Protein chains: 4
Amino acid sequence: MHSIRQAFVHRLSAASPSDVSALTEVVNQGLIQADAIVAILGKTEGNGCVNDFTRGLATLALKAAVSGLSGLSLEQVSTRVAFVMSGGTEGGLSPHWLVFEVREIAESLALKNMPATRSEAPPALAIGVAMTAEFKPEEIGRSAQIMATADAVRKAMLEAGITDPKDVHYVQVKCPLLTRQRIESAQARGETLVTQDTYLSMGFSRGASALGVALALGEIKPDQVSDASVCIDSSLYSGRASTSSGIELMQNQIMVLGNSAAWQGDLQIAHAVMSDALDVDAVSDALASLGLQPGRDLRDRERNTICAVLAKAEAAKCGLIRGRRHTMLDDSDIHSSRHARALVGGVLAGVFGETQLFVSGGAEHQGPDGGGPIAVIARF
Amino acid sequence: MHSIRQAFVHRLSAASPSDVSALTEVVNQGLIQADAIVAILGKTEGNGCVNDFTRGLATLALKAAVSGLSGLSLEQVSTRVAFVMSGGTEGGLSPHWLVFEVREIAESLALKNMPATRSEAPPALAIGVAMTAEFKPEEIGRSAQIMATADAVRKAMLEAGITDPKDVHYVQVKCPLLTRQRIESAQARGETLVTQDTYLSMGFSRGASALGVALALGEIKPDQVSDASVCIDSSLYSGRASTSSGIELMQNQIMVLGNSAAWQGDLQIAHAVMSDALDVDAVSDALASLGLQPGRDLRDRERNTICAVLAKAEAAKCGLIRGRRHTMLDDSDIHSSRHARALVGGVLAGVFGETQLFVSGGAEHQGPDGGGPIAVIARF
Amino acid sequence: MHSIRQAFVHRLSAASPSDVSALTEVVNQGLIQADAIVAILGKTEGNGCVNDFTRGLATLALKAAVSGLSGLSLEQVSTRVAFVMSGGTEGGLSPHWLVFEVREIAESLALKNMPATRSEAPPALAIGVAMTAEFKPEEIGRSAQIMATADAVRKAMLEAGITDPKDVHYVQVKCPLLTRQRIESAQARGETLVTQDTYLSMGFSRGASALGVALALGEIKPDQVSDASVCIDSSLYSGRASTSSGIELMQNQIMVLGNSAAWQGDLQIAHAVMSDALDVDAVSDALASLGLQPGRDLRDRERNTICAVLAKAEAAKCGLIRGRRHTMLDDSDIHSSRHARALVGGVLAGVFGETQLFVSGGAEHQGPDGGGPIAVIARF
Amino acid sequence: MHSIRQAFVHRLSAASPSDVSALTEVVNQGLIQADAIVAILGKTEGNGCVNDFTRGLATLALKAAVSGLSGLSLEQVSTRVAFVMSGGTEGGLSPHWLVFEVREIAESLALKNMPATRSEAPPALAIGVAMTAEFKPEEIGRSAQIMATADAVRKAMLEAGITDPKDVHYVQVKCPLLTRQRIESAQARGETLVTQDTYLSMGFSRGASALGVALALGEIKPDQVSDASVCIDSSLYSGRASTSSGIELMQNQIMVLGNSAAWQGDLQIAHAVMSDALDVDAVSDALASLGLQPGRDLRDRERNTICAVLAKAEAAKCGLIRGRRHTMLDDSDIHSSRHARALVGGVLAGVFGETQLFVSGGAEHQGPDGGGPIAVIARF
């Protein structure tokens, strides 16, 4: 008897960066199989910039919890599960965990839960995970990171059973950044770095990672990218990448989300590209693919239909939003990435009536200047 | 021959807190009569908290500009024009000036621009301005400020020719705050203060001012308020007050906006009370009063129909938005008022497709906890 | 054969809030006995305010490390070792750990390391540790916390073998703070709280704890303190308390440091009270007690004589330092406690030629307004 | 009858960035001749970074005050007086104005105030002021700015009557920065810029200006500098430059301070180069040149002997201070320039017992990495 895979997504509240009580409770209730968890995306309440240690704290706490709940060792958990923490809950954004499970379900059981005619079953949410090797500091933000990321995306698609890149709707990448120590260690070996500014290194790492996704999905061609493209040529971008940099790792972790007829379940994912931070019309397009539309119903009756909203935010480098000046790039008290998350978080919270939104900052090569991809996972 | 009053509202971009170039240009083009200006509301790019000197800088620059353009002395300008600066353009909010003009128009001329049957003319935007006397530091945030504000609101209504409080849709109050020096001067005279924390004093001043508005508009009764109510009893509030505190003045400046059949023109104002920061339905209600509705048309074709959007923002003290935790009140890097402006600014920018929104922070006694009044001025 | 106790203090660099590599290395070299550790004070690089999760992360990492290195369970480590993390390395302060060890040394061995005539041995550094029970949220910042702290200080003195309060030179207290959840849980039980502002709660908790120390050391009398004194009557203070509040605990942890003839070793502690943030003369006094004096020699040749510098910092509430206005209390971008740590850290770094200084913020009832205790541990 | 020049320096408190009351008072008392003012250096309480509008506000207020007090027009004041505002009073730094006056004194009168034998008169403080032309945005941070600055320094020395560069002890330069608009205007003309990051542009402008000073004073040779040196080759620096960038101007304003036998008076200036932020020994050297030494006397009895302390501060790019890690460069909440001012401000406040210190941030090419020039003006 064959088995078929089904993806589950659970959105859980976090009372602090180390709060695993909701996860523990849901596992204890039998709603999550701890050993089926493949990824946890977390929105934590740090500044989302260089010295945001809430991401590391959350990763530490979640790893320990998954280990304790699943019986797997910490090493096994680190190998099997991607922990992708994105700091920054500016405006009204609410700290939460998105727990992704992949269960193998015996086909006879699976059929029971499906429409009578198997062939009529719509494609369902499919997940694939992969990692690159660890990067050297001098590889971050350069071609080496682009190419390794593209390879890992292809590997994750293969694992997800997705062959057509257009069935991929979201690629989450967690990537490293440069710290003083990493910069010095590379310089001690005589290497140059893409930047010596730790904050700027986050952007280069996100940018190179996004270009890797774009390459793997055929959004750009190999001969279009080089070291010189990263964070320079903003015409090159992926409409489905979401990359997030953190101090706690040195390799890229990739999670591909798409729809596949080879998977079962009642979840689907759709995406659109916001052309600027206010592009509610793009959100409407993504919702339309899922049979939903913005308005009072979505905010009220259908609110729980939405399992996850994943979006990127960044300050438009042109300094304008629809012709009006913004002040994000001239503010030396609050980083522009924090302003941008607050803005996009507000725009989306108005649409969804919900603040547990995975809005992450730094959208280099992820959508056009000032805009970015948005993906929605909903129950049908 | 009689004359009739008409109110004009101009929304002008500000390239910096002292940028008066747009004002100068529009006056030179004959679109604004400099000596008819009664108020300028400004959204400036400071932190909107205690040490926000962009408000003072803007006031200095605008006063000088109005004086230069109108031929009035600085003293005359200070007496005739209310300058109400609100700091904070978090998220995507865009610095701008809202210039309010009141012109006396000869009735024969006025009639030419009106529908054939005068009696059919809809009520039009009406403006009234008033000021309290200067407060002593120890009066700030207490009954003295409440009562003086209520009196000034009534005076401003009288000036605007509005008799029924329900025709009032927005009352802007600019009020003082405590500084170290003001606190010490009062203490030297043996007086106690409502608080010794300069930041907290801003809230007490805004709260007492809003209670004054609520009293004048009949939203609360005189026996409901006392010193002890201010910033304590959040069940008492005005749905039309917007109060903003600044370091640069010691009295309350009041501007009442409403609709009146005694005024002419093509502008009208409507308001609603947002029950929380995500309350897009309240915005819909305000728009409906003006014959408009949210959606793609409003953001595109009708965008220029909207002359001004005025809203209050604050972090819900309960710590939750629609059941989800927010982190505004636990963030020691960014003040909660800054988060709240970013959030409400984002929600409204998504609705209006526009970032020149007068979203001001600190909504003590202005709408319910976490919500606040929103007013829209539109052309019909 | 009797044994005699000896205290050791190790100052170790921290490359991040979770960096335990220096601790591991020193234990592996045999320089620290992991199971003799009684306390670790850490200066971590968060904001030192409400949402500083570096303290929790450091505690997590250090507990795990001590457990791993000592063979003790996490529970045993939590019971035996006080982890006192103080966030905030503003200015040039450098993140570091102060590891306190208490070893029992067989007397014959002890004698070998001592001056020929035992009776001539000077009093040496002595350490005592104690904890209160967990507080309810409504007890924080009130008499219950004062009294429980005083009891715990007496208990810690007893453990340290110090009978005369004047031999106590430093009392470190780690105390809790209020969060949204704690406030709501108390309110749900019908209790009132000392404040509803999470940031202010840190001050009340530190203040009540310091009054508890003052009471135990006879610096104030029992009838001088009540709920109403906390953070109000600044004439009441301890010259030897250093209290620090953190989100990660609900009880007070106390560590008493003094000199005692019952202990052996080459370390001594002295203290002085800085009357304001610039009081270098007080630092000189503390140094003089240890046979040292400020100047080029201290910064260079004698730099390694100094094992630990522990000081409190706060913004003078009067708004002045030696008659000059400071802006700490009017700054809404950077909390005054951060400014104060930067200032005192700079003053002391200039004296000691060293930035690994345990300067902690929030000096309510710890020294006079704008000043605070300073303690120095040095080798003789 | 000949006249001889005398320089006066007045240190005045500022209660806010627009507070000119102390200036007005001192002029009214006859202690300052308003028309003899040649420069006002101001330490204002903004963030000292891109969006610090306290500098512009102060300049506006001071210009108007000097105009009103002197009877000169605003245009005349702008031409005659250099207004050099440096934002940032982190730690305990106190906002203040340093008013520099140059008076022509009839020689017979001058002689009366001098030692009997004219030839014995020590050299006295001498001041020279000059300005470059306005720069184009694309010139900022490049050779054009270096060369124009060097020329202006030579011009200012000539005006000050100083021929030997070693008699120059301090060169203050106020220089421009890039804003969004300036960047776009240059790009619209097809020009490239030294950086597109507004914050980073401040450093390039300060760096190029400092290299201009070094060139004029013979500290570096013309063939050592090019576009490629700026903010790259930190071995090139001036030990006497203090450059500060602001949004409010587009040219470089230069003020040279030195000692000259051609001037009279009881003021002298000395300088030293701090090798790092803790270099109190360098401060001692500068004091020694003035016949003073650090210690209790300097902080107490001799405090009023010191008329001005001018120093530069920056975070050591190596990430270390005397071998200890600092966190300034990894902090995304507070800019490193703010940390650095707080630190150096604290070190110097401990030495001088005084917080009205003109510590300005951003020491690119002004002293070695992490250090910077310090100048002291004292009465003898």
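For all residues, glycine too, the Cβ spot is worked out from N, Cα and C.
It should be emphasised that the depicted structure is a prediction, and the values quoted were computed from it without experimental measurement.
Over in TrEMBL, the protein carries these features:
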- A:1-106: region 'RU A' (REGION)
- A:Arg55, A:Ser86, A:Gly87, A:Arg206, A:Ser244, A:Ser245, A:Arg341, A:Ser360, A:Gly361: substrate binding site (BINDING)
- A:124-261: region 'RU B' (REGION)
- A:Lys174: active site (ACT_SITE)
- A:Ser244: active site, nucleophile (ACT_SITE)
- A:267-380: region 'RU C' (REGION)
- A:Glu314, A:Ala363, A:Gln366, A:Gly367, A:Pro368, A:Gly371: Mg(2+) binding site (BINDING)
- A:Ser337: site 'Important for substrate specificity' (SITE)
- Query: Mean pLDDT over the region 'RU B' (A:124-261): what is the value?
  - Reply: 95
- Message: Can you tell me the CA-to-CA distance separating A:Lys174 (active site) and A:Pro368 (Mg(2+) binding site), as a whole number of Å?
- Response: 20
- Out of A:Ser337, A:Ala363, A:Pro368, A:Gly371, which of these recorded positions is nearest A:Ser244 (substrate binding site) by C-alpha distance? A:Ala363
- Message: Cα-Cα, whole number of Å: A:Gly87 (substrate binding site) versus A:Gly367 (Mg(2+) binding site)?
- Response: 20
- Item | Pairwise Cα distance for A:Arg55 (substrate binding site)/A:Ser337 (site 'Important for substrate specificity') [Å, integer] | 16
- Apart from A:Glu314, A:Ala363, A:Gln366, A:Gly367, A:Pro368, A:Gly371, which residues in this chain have a Cβ no more than 8 Å from the mean position of the Cβ atoms of those residues at the Mg(2+) site? A:Tyr237, A:Val273, A:Met274, A:Lys312, A:His365, A:Asp369, A:Gly370, A:Gly372, A:Pro373
- Task: Report, in whole Å, the straight Cα-to-Cα distance of A:Gly361 (substrate binding site) from A:Gly367 (Mg(2+) binding site).
- Result: 12
- Note on the structure: Checking the binding-site residues A:Gly87, A:Gly361, A:Gly367, A:Gly371 for other Cβ atoms within 10 Å of each Cβ, the smallest tally belongs to A:Gly371
- Could you check which of these binding-site residues, A:Glu314, A:Gln366, A:Pro368, A:Gly371, sit within 10 Å of A:Arg341 (substrate binding site), going Cα to Cα? A:Glu314
- Around the Cβ of the residue listed as 'active site', the count of other Cβ atoms that are within 10 Å: 29
- Note on the structure: For A:Ser337 (site 'Important for substrate specificity'), the closest of the binding-site residues by C-alpha position, picking from A:Glu314, A:Gln366, A:Gly371, is A:Glu314
- Message: For the region 'RU B' (A:124-261), how many residues does DSSP put in helix, in strand and in coil?
- Response: 58 helix, 35 strand, 45 coil
- Residues A:Arg55, A:Ser86, A:Gly87, A:Arg206, A:Ser244, A:Ser245, A:Arg341, A:Ser360, A:Gly361 binding substrate per the record - widest CA separation, whole Å: 16
- Task: Name the secondary structure element type, per DSSP in three states, that contains A:Gly87 (substrate binding site).
- Result: strand
- Message: Distance check, please: Cα of A:Gly361 (substrate binding site) against Cα of A:Glu314 (Mg(2+) binding site), rounded to an integer number of angstrom.
- Response: 6
- Report the DSSP secondary-structure composition of the region 'RU A' (A:1-106) as helix, strand and coil residue counts. 35 helix, 36 strand, 35 coil
- Query: Taking the center of the Cβ atoms of A:Arg55, A:Ser86, A:Gly87, A:Arg206, A:Ser244, A:Ser245, A:Arg341, A:Ser360, A:Gly361 at the recorded substrate site, which other residues in this chain have a Cβ no more than 8 Å from that point?
  - Reply: A:Gly48, A:Met85, A:Gly88, A:Gly246, A:Ser337, A:Gly362
- Around the Cβ of A:Pro368 (Mg(2+) binding site), other Cβ atoms within 10 Å, all chains included, total 18
- Task: Can you check which residues sit near A:Gln366 (Mg(2+) binding site), meaning Cβ under 8 Å from its Cβ, same chain, 6 or more apart in sequence, and list them in order?
- Result: A:Arg206, A:Ala210, A:Tyr237, A:Ser238, A:Ala241, A:Ser242, A:Thr243, A:Lys312, A:Glu314, A:Gly372, A:Pro373
- Ordered by sequence, the long-range same-chain Cβ contacts of A:Ala363 (Mg(2+) binding site) under 8 Å (at least 6 apart) are A:Arg206, A:Lys312, A:Ala313, A:Glu314, A:Ala340, A:Gly371, A:Gly372
- Per residue, counting other C-beta atoms within 10 angstroms of the C-beta, which of the binding-site residues A:Arg55, A:Arg341 reaches the highest number? A:Arg341
- Message: Please give me the CB contact count at 10 A for A:Glu314 (Mg(2+) binding site), counting all chains in the structure.
- Response: 27
